[in-house]
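Contents: one structure, followed by commentary.
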Amino acid sequence: MSFIEKITRRSFIKKAIITAISLELAYVFINLLKKGSEADVPANLYEAGDIELFEKGKIYPFSAQRFYLSRLQDGGFMAISTKCTHLGCTVQFKNKDNKFMCPCHASAFSVNGEVLAPPATRALDLFPITIVNDKILVDTNNPQRRDKHNKSQITYA
Amino acid sequence: MNEPATQKAITRFLLHLHPPRVNSQSIKYTRTFGLGGIAALLFVLLFITGMLLRFIYVPSEKGAYDSISYLQNEVFFGQLLRNMHYWCGMLLVVVSFLHVIRVFYSQSIYNERRKNWLYGLLIMFLVIMSNFTGYLLPWDQLAYWAVTIMTNMLSYIPVIGDGLATLVRGGAEVNEGTLLRFYHFHTGLLPLLMVFTMSIHFWLVRKAKGVTVADSSKKEMVNTNPELVYKEIVVALSLILLLIAFSMLVDAPLLDKANPLESPNPSKAPWYFMGFQELLLHMHPGFGIFIVPVLVTAFLIYIPYVKGLNANVGVWFNSAVGKQVTIWSAIYAIVFTTLMIVGTEYFFKFQEWMVNLPVLITAGLVPFIIYILPTYGFILFIQKKLKAGKMEVLISLVTILLTAYLVMTIVGSLLRGEGMHLFA
């Protein structure tokens, strides 16, 4: 190991000091960039409306809040994020084909948000729904990741 | 005050960037095509036009787009100024890329030039980062979605990806904070870093005794001033003239103001990243964004350190065999990459055929191996048939990588239309 033999007491101390200072600067810089991207975002509850407003088996766009509210045939609710899980473009629901299409890389998702066509590899995120006094509240700050769709993700009144 | 040493000090300093005498072979235009010098000139032009743009531009979500349209519509020669900056920036990416290719194929990266190859790669990276951070600043639909796509690509890097993407954007989405930090990278940190690395780059060229020449036994030296300086001035002035003429005729693109609610169809990354975006259509992002780029970068860094290479320093393609190998590798890569693109687009649906396997294997490993195996076969073939040595194999590999990326860039940016479908 010739490169270990090259290290002398002096060069070791010199390198240690330079490393320590660089790490310190890097740490300060990264924390500077982190400002404003705190992990704990408080819930932002958006009131979508009364339960009766939504017909069963239909999908309602809330484009400014960036989700689609889907009422299933059995009366359950899902708030599906419009952010494509591939590279973050905004997906749109095509009534004609009954699926979500991403304009950027042609990923397609089913009504439940499951992947129909690659390149996306995971289902569309869901926003948590709480139902209070028959009103639907959607937490638009905390999208929930999921790989596949399953029944437990549906919210019932 | 009239001491001759101080009187012409600045002029002399500028001339001292060159040695007083140079080898007559090295100043033939076809030796370097002047690419390094053109890149340096473009940097200066970008610096000047960029400084002027700073007087108008407002780096905020509300002000950015309006300040650009104010610049284009109200400011005297404002459109021309923006066009100049835009086209210089784009040309700088092209010229730097060509410069990297030139030094590689003319065998100018070995022995005492090793270190400079590394600095060159670093500067290439800084050039792309500068162009990319500048891409967001107009804050139109083109800029917003290109940067959304690119920053989301980062999140596929294992373990640190999500954190890194959030760090770059300063949040979960591209927002005003992203604009502000991109602005400061673009107009502060990156140019400063480039000035330093460029100084080192130039100094290392001098330390290696100038550019490589094809026949190092002939040492016919000529005076730098005027032989080289005149050529440089001619190239510089013609380039500036062409750039101004081009900027008068062709406007830099500006779409509608950024709207996070609607992705345009299709949304594309900047053209120099379109090769990546194309790769992503065919491959799992874990491979397309992480494994493949890391392998390629490591390979490029490692090239001048490969043991047992007999480089004919300064000789294009190393030898006559090397030239043949380059041509065949390019043809192979064009044909095979096109076949792969068409194949995975229409016929191979690994994800549907092998539903039970994880996507990392069906969409990642399988296409990766399908590309690697025939390439390995091709390398064996040229070793046997063309009697390619170690250096020629290396040239072949680099040629295949470069050509494949170019093919993907062309397909991605020119042949894909609505919904990113081929020939749409």
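Glycine residues also receive a Cβ, built from the backbone N, Cα and C atoms like all the rest.
The feature domain 'Cytochrome b/b6 N-terminal region profile' is assigned by TrEMBL to B:1-214.
The transmembrane segment annotation in TrEMBL covers B:33-57 (among others).
Same-chain residues lying 6+ beyond the ends of the transmembrane segment (B:84-105) with a Cβ under 8 Å from its Cβ atoms: 32-33, 35-36, 38-39, 42-43, 45-46, 49-50, 53, 113, 117, 120-121, 123-124, 127-128, 130-131, 134, 243-244, 246-247, 250, 252, 272, 303, 316-317, 326, 395, 398, 402. The transmembrane segment annotation in TrEMBL covers B:84-105 (among others).
Marked as transmembrane segment by TrEMBL: B:117-136 (among others).
Annotated transmembrane segment per TrEMBL: B:182-204 (among others), in sequence order.
Under the heading transmembrane segment, TrEMBL lists B:228-250 (among others).
The transmembrane segment feature in TrEMBL is assigned to B:287-305 (among others).
Sequence annotations record features per position, and here TrEMBL assigns transmembrane segment to B:325-348 (among others).
Feature annotation from TrEMBL assigns transmembrane segment to B:360-382 (among others).
Annotation source TrEMBL lists transmembrane segment at B:394-415 (among others). For the transmembrane segment (B:394-415), the residues of the chain that approach it from at least six positions outside its boundaries are 101, 104-105, 268, 271-272, 274-275, 277-279, 281, 296, 299-300, 303, 306, 309, 317-318, 322, 325-326, 328-330, 332-334, 337-338, 341, 375, 378-379, 382, 388, 422-423, judged by C-beta separation under 8 angstroms.
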Counting only CB pairs under 8 A, let me know which of B:182-204, B:228-250, B:287-305, B:325-348 has the most with the transmembrane segment (B:33-57).
-> B:228-250
Output the single range from B:182-204, B:228-250, B:287-305, B:325-348, B:360-382 maximising the number of Cβ pairs under 8 Å to the transmembrane segment (B:117-136).
-> B:182-204
What stretch in B:228-250, B:325-348, B:360-382 has the biggest tally of Cβ pairs under 8 Å against the transmembrane segment (B:287-305)?
-> B:360-382
